């Protein structure tokens, strides 16, 4: 076997399908189409400035964020790779304000695809790791154009969640609800090869990731948690922690899947009109599915994230995930949250980070 005895993505999907005698193979075909889009995006990312794809596209998305040239290209690659096969009924993308209606010449399938075509694209010009995130749900009305409300399904109904990471090597990490598995792209064969089966997140960790520049907007429970971590071995936790921040959800997730940790992008008061920063349907939900299937925990900070009922296709949400002990601790701090601002036992009202006067 040219892959050194390791399964390819195609072989893996066939084996998974054999566990379900009634399966038609359409889900496998859709995942294969998604994986092709990820290969194409990986190639564009790898060529970077040589391909003339860096910089701004001169437009903004529905979130009000500046679109990078690669955002637009990656979105097109996802649409073109998946719209034609008759496996998907409709799609939602971070880069499109409304759900995507398939061209009339293409058959409608059984599934809904939701994706962020290029997560972390603000990093692309400085050559920091980026990725793509996707979620697949069953269409409530298969074989026809979906209604807007059909996309508003909780994460518990997902049949597949995954991401591709474009780093020193390109990897595809996915779950079908039976463990989380990572495939590495063999650039010579052009095949995804199963390199990390059944990933497991350690229950304990000494590493956390949060954007500390938002500390003045944090809720008391988050301030308490971060203060205790940064107080280290002399504080109430009695151990030293390391803090990370990459500003790429895919990169943060990958690190946690590979070696543990906890990630926080919590709800805060920076923009009272937003319940969080990350998008529920095509960022937080698929990542939560992967994390739970790897033995970790994913939460809004207060409850299991996969149980949240979406209200809008671009809904934002607070997101905490990773090693179970730390996520459970953060949820407990929110349950114990006092009605008055938290006073750090070490640093007073300001916490470890001094607030601007």
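Any Cβ shown, glycine's included, is placed from N, Cα and C.
Note that this is a predicted model, so its numbers are computed, not measured.
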**Asked** Out of 83, 94, 95, which does Swiss-Prot tie to the same Mg(2+) 1 site as 116, 118?
**Response** 94
**Fill in**
Joining 116, 119 at the Mg(2+) 2 site recorded in Swiss-Prot, out of 228, 252, 283, 292, is 283
**Asked** Other than 116, 119, 283, which residues of the chain come within 8 Å of the Mg(2+) 2 site, judged by Cβ distance to the Cβ centroid of those residues?
**Response** 94, 115, 120, 131, 132, 133, 163, 249, 250, 278, 279, 282
**Complete:** For residue 121 (substrate binding site) and residue 94 (Mg(2+) 1 binding site), the CA-to-CA distance in whole Å is 12
**Fill in**
CB neighbours within 10 A of residue 283 (Mg(2+) 2 binding site), counting all protein chains shown, number 26
**Request:** Name the one residue among 116, 118, 122 whose Cα is closest in three-dimensional space to that of residue 283 (Mg(2+) 2 binding site); these are the binding-site residues.
**Result:** 116
**Request:** Let me know how many other Cβ atoms fall within 10 Å of the Cβ of residue 122 (substrate binding site).
**Result:** 16
**Asked** Hey, does DSSP put residue 94 (Mg(2+) 1 binding site) in a helix, a strand, or just coil?
**Response** coil
**Message:** If the substrate binders are 119, 120, 121, 122, 211 per the record, what's the largest distance between their Cα atoms, in Å?
**Reply:** 17
